[in-house]
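Quick look at what Swiss-Prot annotates:
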TOPO_DOM  1-14  topological domain 'Mitochondrial intermembrane'
TRANSMEM  15-45  transmembrane segment
TOPO_DOM  46-59  topological domain 'Mitochondrial matrix'
TRANSMEM  60-87  transmembrane segment
TOPO_DOM  88-227  topological domain 'Mitochondrial intermembrane'
BINDING   H161, C196, C200, M207  Cu cation A1 binding site
BINDING   C196, E198, C200, H204  Cu cation A2 binding site
BINDING   E198  Mg(2+) binding site
Amino acid sequence: MPYPLQLGLQDATSPIMEELTHFHDHTLMIVFLISSLVLYIISSMLTTKLTHTSTMDAQEVETIWTILPAMILILIALPSLRILYMMDEINDPSLTVKTMGHQWYWSYEYTDYEDLTFDSYMIPTNDLEPGQLRLLEVDNRVVLPMEMPIRMLISSEDVLHSWAIPSMGLKTDAIPGRLNQATLMSSRPGLFYGQCSEICGSNHSFMPIVLELVPLKYFEDWSASLL
């Protein structure tokens, strides 16, 4: 859950987001070391009075500054590719949910169930109950079972949208005429918020997403009550 003046990422809710957080820290450490080295070299050049006017080339130095950046790029690329393939891999999902973007709301269809569909609109500020979040609450939450692999099929009925849940490391474009998919699995129960992350018109800011992750027994009771 985000909070005011937050500096870091949201707490990870899914295994994918945990991997992305580790990769972020790994990359940031490399960037910090490179920046420190560059600043040290610049400060040394500005403060020293020694010069090398007779130096025309330095093969050893040129070899080092060619090989070293290549090794650094490999250190960044390998974990990045691993996470990329993890995000794209969907093996035997326990549940499939199809979500369609509209101007300016989301509709959901649980394809494993017959006639389990609904639209999800933002609750206007004047209708909020005490404790509810402004611009983030919806009239129909997406209830899903926790600790189970879920496949999300994402598309759009009109213009470009983007279905994003930051705490789960999810951001998938909703493109008219194209069906994109994403893997979702929560390691803990709770409410998780997201928003449309593609400018889609005048009410783009009013397309929140709310996932309610619950134990399997509660999900079965909820789905049975709607059928």
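Glycine is no exception: its Cβ is also placed from the backbone N, Cα and C atoms.
According to DSSP, the secondary structure content of the topological domain 'Mitochondrial intermembrane' (1-14) in residues is 0 helix, 0 strand, 14 coil.
Counting in whole angstrom, E198 (Cu cation A2 binding site) lies 10 from M207 (Cu cation A1 binding site) by their C-alpha atoms. When each of the binding-site residues C196, C200, M207 is scored by how many other Cβ atoms sit within 10 Å of its Cβ, C200 comes out lowest. Each residue in G101, Q103, W104, W106, S162, A174, Q195, S197, E198, G201, H204 lies on the same chain as H161, C196, C200, M207 and has a C-beta within 8 Å of the C-beta centroid of that Cu cation A1 site, without being one of the site residues.
By a simple count of nearby Cβ atoms, those within 10 Å, the most crowded of the binding-site residues H161, H204 is H161. Taking the mean position of the Cβ atoms of C196, E198, C200, H204 as the Cu cation A2 site, the remaining residues of that chain whose Cβ falls within 8 Å of it are G101, W104, V159, L160, H161, S162, S197, I199, G201, M207. Within 10 Å of the C-beta of E198 (Cu cation A2 binding site) we count 18 further C-beta atoms, all protein chains included.
Secondary structure counts, DSSP: the topological domain 'Mitochondrial intermembrane' (88-227) has 21 helix, 61 strand, 58 coil.
Counting residues 6+ beyond its ends, the topological domain 'Mitochondrial intermembrane' (1-14) has Cβ neighbours under 8 Å at 20-21, 24, 166-170, 184-188, 190-193, 213 in the same chain. If you measure from the Cα atom of H204 (Cu cation A2 binding site) to that of C196 (Cu cation A1 binding site), you get 7 Å.
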